[in-house]
């Protein structure tokens, strides 16, 4: 296994700083039992009335479901640990746990569902909108592209291979539209959008600002539909997150250009603007830039952080559905932060160099990681080959910076 060898490499064993109580998202007494109750936000609370008798030798923590252990494990430095023993269980839960509720997620331009499991865990379901071998048409604007379920799955594994670990766990899943969405939804607006197509397939389209109409309906075969299931982060009432507008955000206009596209010295003013004027925030943003360029994702207009940790923490790499849309062309403008600032973390650069060597070739690693997903093959081969080509272009950009 190239993946197992990669995670044994010294570059993947650089220790994180010691995690103190104030560095944890949640401070939990491992002896205290938690009760889960279905409130408006499905939050979990400490319960004095919960059973105090636990199986011999077990702490209350041992009895938590995998999603709750994932939430409790989040700290200032990482969303989940490198050698997370929980990960296989969490991914399996996302893929096979019984779905007890499906409702549409509010907001956003495209249809997404929030699905709840019997243990109160929740996942964000993005349905399949195009096949693996379809490329985004060359005349499409990036902001009118589909969100791809397989891009969400591949992004999680790529983020882990790069050792960023800033994307919540994602698994592919085949969902039965009739039994796991239509028959159990309490969402009246969503319920009104189901129909049987002329081909006899069960379809629905939901309500949203972009692709929610009978022309863009999602149809099963006859009622089975592929999608990605992403573990939800802790409810915002429990762990506030702050949304930051990316300084290299695109204009989202058909003819206007953003300032960074016209000003070659743009990075100098970013470096003087909080929060980029101190700490490692700019370097974290450049990490995200590398991830987006490898995936071909042009749609990174915002990113989030956990408010509790202030400026000194990682960026959450959420919403990756517009990655992996093209394999035949590389969008070099995505690399603007790296090329304009000529800065990159040394550890990131060393890992990228490692992933360009034969024993650890990036395409081979991602192919191996995705082979375990229930929807494998997740990416068409040309997308995997494009990763190696793009990695070469990232290293060439760093090389030019070093020469300067």
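The backbone N, Cα and C atoms fix where each Cβ goes, and this holds for glycine too.
These come from TrEMBL:
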BINDING   110, 126, 147, 230, 231, 232, 233, 304, 319  ATP binding site
BINDING   147, 319  Mn(2+) binding site
DOMAIN    194-403  domain 'FAM20 C-terminal'
ACT_SITE  299  active site
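On the structure: features taken from TrEMBL.
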residue : record           : contacts (Cβ under 8 Å, 6+ apart)
110     : ATP binding site : 129, 146, 147, 208, 210, 211, 212, 321
231     : ATP binding site : 67, 70, 90, 94, 121, 123, 168, 169, 170
233     : ATP binding site : 71, 168, 239, 241, 316
319     : ATP binding site : 147, 299
By the 10 Å Cβ-neighbour count, the most surrounded of the recorded positions 147, 299 is 147
State the mean pLDDT for the domain 'FAM20 C-terminal' (194-403).
-> 95
Record lists 110, 126, 147, 230, 231, 232, 233, 304, 319 as binding ATP; longest Cα-Cα distance in Å?
-> 20
